[in-house]
């Protein structure tokens, strides 16, 4: 019932926005903020009522759709999806606050796209049917495509929208073919039913590759990462950049963990060297590319690619500690990268420039902003006490157990990360004062506060997160992957 309540709240919000007059912009914003805040508070009860001792799905909602064809809408929560649901419900009210002053075009379709995207993302993270997962996995593209194409910030917005749409859609066509084959083979698309079916090694390899084509573009992995910097540059507000970096980039690695490892364990072991090679190349290449960027958005976008490729190494180590560290690192990235894009949004709102060389000396004029910027720069580097430290350290430990050479090259991401992160902070914080501006407003500070507290809380008390996901991950790795 709790999951149903979350979805009904969001549907109520969308319907309510439709009937509020377009002239009442403040009322629409307040209504959307109230709905997303209520959804976040409600989602916390999922954590409070979650049974950590079982790997089974909980809060299950089973709705008959095509019972004769054995295709039904089934929703549920386990230790893998729990925190992505909470992360999603937290990010959206922060996004609304961050883009509160947005006034480019009509506000109503903008807010409806917000709530519609949250609804679809929650359906993706809770879906237990392959066919419906595919439908909602691709439906996420629609509101994001419209927002970038309609409200984009520059003249290249149409190109960026089409790149985002086509890169992520074309790969998914292979996944659709794979789902059709699975349905014809097993007679069902129910995830729990499919998890006990033993596909042949040959079938697993082809199905794994079909799913890989879709998920790799969402991670994104090389060479299908080009759409991400373009989408970040053209996303209209800090709010949508946060959604893109904080949530959408988690869909690909979530798909790998849930379906590639869960349904095709033999193929996952077979393709592990391929994933390691591609991920290591992505980590090093995108880190080096980030160092030479002069555009703030592009720099942070490339760092996101590097971090998510590091996560892929952890997922395919085949160890409980590696998979758990990968999940925690994805959650940490949701907080830290969201905050970094908010920081860029604060600068852009004041001076409408993304070029690094135009900034300098902000320590003198925006001290509170610089303190927060320094905190998240250190968190991005993996400072002990922050969430990134726990995730990256355990990722490297698990990578060393699997392949010491892979661990060595993965560790270079921390050195290169220090290079571009400290260079960026130094250019913006110190030097001659190039621009005069006012410090963070109360609204902006309140957007950063939950991200700061969440980053610290996850870094100081990581076991609260590990204990909730341990039963599910242990069952996935030791039962599905290696036996």
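Any Cβ shown, glycine's included, is placed from N, Cα and C.
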Of 3-25, 164-186, the range TrEMBL labels transmembrane segment: 164-186
Same-chain residue ranges lying at least 6 outside the transmembrane segment (240-257) that approach it to Cβ under 8 Å: 80-81, 84, 87-88, 91-92, 94-95, 98-99, 117, 121, 124-125, 137, 140, 144, 147-148, 211-212, 214-221, 228, 231-232, 297, 300-301, 304, 308, 311-312, 315, 323, 326-327, 330, 333-335, 337-338, 340-342, 344-345, 476
For the transmembrane segment (403-425), distant same-chain residues with Cβ under 8 A (at least six beyond the ends): 276, 279-280, 283-284, 287-288, 290-291, 293, 296, 299, 303, 306-307, 310, 313, 356, 373-374, 377, 380-382, 392, 395-396
The transmembrane segment (327-348) vs the transmembrane segment (109-125): 3 or more CB pairs under 8 Å: no
Two-stretch contact, the transmembrane segment (109-125) and the transmembrane segment (299-321), at least three Cβ pairs under 8 Å: no
Among the ranges 26-50, 131-152, 445-466, the one whose Cβ pairs under 8 Å to the transmembrane segment (81-102) are most numerous: 26-50
Cβ contacts under 8 Å made by the transmembrane segment (360-383) with residues that lie 6+ beyond its boundaries: 303, 332, 335-337, 339-340, 343, 346, 389, 392-393, 414, 417-418, 421-422, 424-425, 427-440, 445, 448, 451-452, 455
Contact set, same chain, for the transmembrane segment (26-50): CB under 8 Å, 6 or more residues outside the stretch: 2-3, 5-6, 9-10, 12-13, 16-17, 20, 58-59, 77, 79, 82, 85-86, 89-90, 92-93, 96-97, 100, 107-108, 111, 114-115, 118, 468
